[in-house]
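These features come from TrEMBL:
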- 54-327: domain 'AB hydrolase-1' (DOMAIN)
- S148: active site, nucleophile (ACT_SITE)
- D292: active site, charge relay system (ACT_SITE)
- H321: active site, charge relay system (ACT_SITE)
Amino acid sequence: MSLTSQGSIYCESKNTKCTVLLRFTVTLLAASTENRGILVQCNVLFLSHPGPNPVVFLQHGLLGEGSHWVENLSNNSLGFILADSGYDVWLGNSRGTSWSQRHQHLSADQAEFWDFSFHEMAMYDLPAMINFILQKTGQKQIYYIGYSQGCTIAFIAFSSMPELAQKIKLFFALAPVVTVKHARSPIMKLSFLLDRQFKTLQVGDCSMLSSPKHASARKGIFECVSLQTRLDVYTSHYPDRTSVKTMIHWAQVAVDNSSSSSKPPVSLQETPPLYHVEEMPVPTAVWSGGQDWAADWRDIRLLLPRIAHLVTYSHMPDWNHWDFIWGLDAPARLYSSILELMEGSQ
């Protein structure tokens, strides 16, 4: 993980050694899931606040990875801002990312390793990472900040596992993707993935646009990013890797949402059960962007009545999907509000 910032930490390897620069220290730790997966988490601490401190966990979105929270300058990256404010910051990496391709019995070269979608991320990865953090820190609760698919898996996990939900003090949902009836993202247009002939192919991992020859195509994804001078940083980490099954699951969500149902399915069955977001007991704060092509504000408006413990909802009319993690005005318009809510809950 190359955490490029004015307060950067450059990790020497994908194991545990890191080189610490300036004001922050970082540690890479591995958590094992119930089904034998190994997930790497990054713990960022401000050197002047050795702890113990309130814990906040940040979870990336689809095709993302943990370094997205620290890719701007230190005064513009949520991970560093939280650490600077005295929080014990943990960055999650879902299975299949470049950081979490280890397993106790399987290799990433085996198709079985990639037999997962975001359902497994919610039901196995999140409990493993959250319980690992609580065990390491001695805390009883954490703050959870999710972005995009990082919100999706949180809604699934916290509504399905009450014992896990009790460990979350506040859930901050940034551009949550749950209902995708109005989403304009190209990823939501992949209905061909549901074709039976395609699904019978023995396809393993999915590393979208990861080849250097696709660098220009990658940059085209970020045309709306406000900090164009850092495109090389963003495109070096996005898109990362995920499974084909995850993409198929999203394609199924999109198809189901375009028909009679407004709730995503729980698995890749012909008649899948539904998630019950209404049963989630966690206090939740939600933000949406008016120019967001993935987490369309109209879809989020459909989601809001289903959140039983909605703390606050804010809408940024001029924001797109990237502004939540990379926007130049995010510290003033979003991150300051997150800090206020955290401080008010202590």
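Cβ atoms here come from the backbone N, Cα and C positions, even for glycine.
For the pair S148 (active site, nucleophile) and D292 (active site, charge relay system), the C-alpha distance works out to 11 angstrom. For H321 (active site, charge relay system), other Cβ atoms within 10 Å of its Cβ number 25. Taking a C-beta cut-off of under 8 Å and a sequence gap of six or more, D292 (active site, charge relay system) has these contacts in its own chain: A175, W319, N320, H321. Mean model confidence for the domain 'AB hydrolase-1' (54-327) is a pLDDT of 77.
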